[in-house]
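Asks: Next up is a structure, given as structure tokens.
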Amino acid sequence: MLQSLAGSSCVRLVEQHRSAWCFALLVLGYLLYLVFGAVVFSSVELPYEDLLRQELGKLKQRFLEEHSCLSEQQLEQFLMRVLEASNYGVSVLSNASANWNWDFTSSLFFASTVLSTTGYGHTVPLSDGGKAFCIIYSVLGIPFTLLFLTAVVQRIVVFATRRPVLYVHVRWGFSKHLVAIVHAMLLGLVTVSCFFLIPAAIFSVLEDDWNFLESFYFCFISLSTIGLGDYVPGEGYNQKFRELYKMGITCYLLLGLIAMLVVLETFCELHELKKFRKLFYVKKDKEEDQVHIMEHDQLSFSSISDQAASMKDEQKASEPFVTSQSPTSNDSSLNN
């Protein structure tokens, strides 16, 4: 009996704090996922980093042997300056000298990556004035971009998701829940095809050094706003119509980001995901608050009515010569 009582109390405790337990499991799962990613990346990429370090060391040693007039310190100073310039998007290679990072189209591409928080990092402001303006521009522009994207996505969701689902539900009588799931799957498939597969094939043709996997990788890193910057289109020295190409990429990033947000909003409106998300949220005690408000209102109204009744009794007591007549007595007096 004691065991059954203890078990029931534990179950009752878990049910009362279900949201907290789910949130704790969510935090634990997220931390384990971070550790899992770190282990996989370390085991996969560390051998390649070691091979690259060895190769660069051998090349450096061979260069010093072939050019005995150059000291190792001088070479390292030169390489440090070259790497610093490369971090700012400036290359010392002769075939890349024709590409400017701050012409109008490149600046427009940079502004779009800043406002969308993609931030490839291949081009950054060089001057102090540019860095200060980038801070002010981002502080005002990122919330403005979020407002713009929210308004656009809300309108697209109405015409591309809610109305088609409601039309199919009313027109053919299918379950609205089932229609929403099928519609979300089809919308996701169309988005992947139009903004991942087809652009990846196009980038693999336009970019000489990119294969299909690298092009698809760029599309995903860009539209997910991760923006690692290891692959940036339009940076080749022999790129044809570079300005027009940069404009097209800017439009692609903006449209692709809107499409991704529409798909996410569509999936978030599914009933299963709503129920799943509610497991980790803090429950709002609206019913208890309303009960307390009702009790407070009832107490206040009852106290007011009690005070009014007591005031009436006091008035009657202060007027002893005034007697209340019943309706029957009034009727009899009228008959007489």
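Yeah, the Cβs are placed from backbone N, Cα and C, and that goes for glycine too.
Just so you know, TrEMBL annotations never went through curation; they're auto-generated.
So TrEMBL has the following annotated:
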type	residues	note
COMPBIAS	321-336	compositional bias 'Polar residues'
DOMAIN	95-156	domain 'Potassium channel'
DOMAIN	192-268	domain 'Potassium channel'
CARBOHYD	Asn95	N-linked glycosylation site
REGION	305-336	region 'Disordered'
TRANSMEM	21-44	transmembrane segment
TRANSMEM	135-157	transmembrane segment
TRANSMEM	178-203	transmembrane segment
TRANSMEM	215-232	transmembrane segment
TRANSMEM	244-264	transmembrane segment
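Show me how these features fit into the shown structure, please.
Replies: Restricting the average to the domain 'Potassium channel' (95-156) gives a pLDDT of 87.
DSSP labels the residues of the domain 'Potassium channel' (192-268) in these numbers: 54 helix, 0 strand, 23 coil.
Same-chain neighbours of the transmembrane segment (215-232): 113, 116-122, 195-197, 199-204, 207, 253, 256-257, 259-260, counting only residues six or more beyond its ends whose CB sits under 8 Å from a CB of the stretch.
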Asks: From the DSSP assignment alone, can you count helix, strand and coil residues within the domain 'Potassium channel' (95-156)?
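Replies: Once the DSSP states are binned, the domain 'Potassium channel' (95-156) shows 43 helix, 0 strand, 19 coil.
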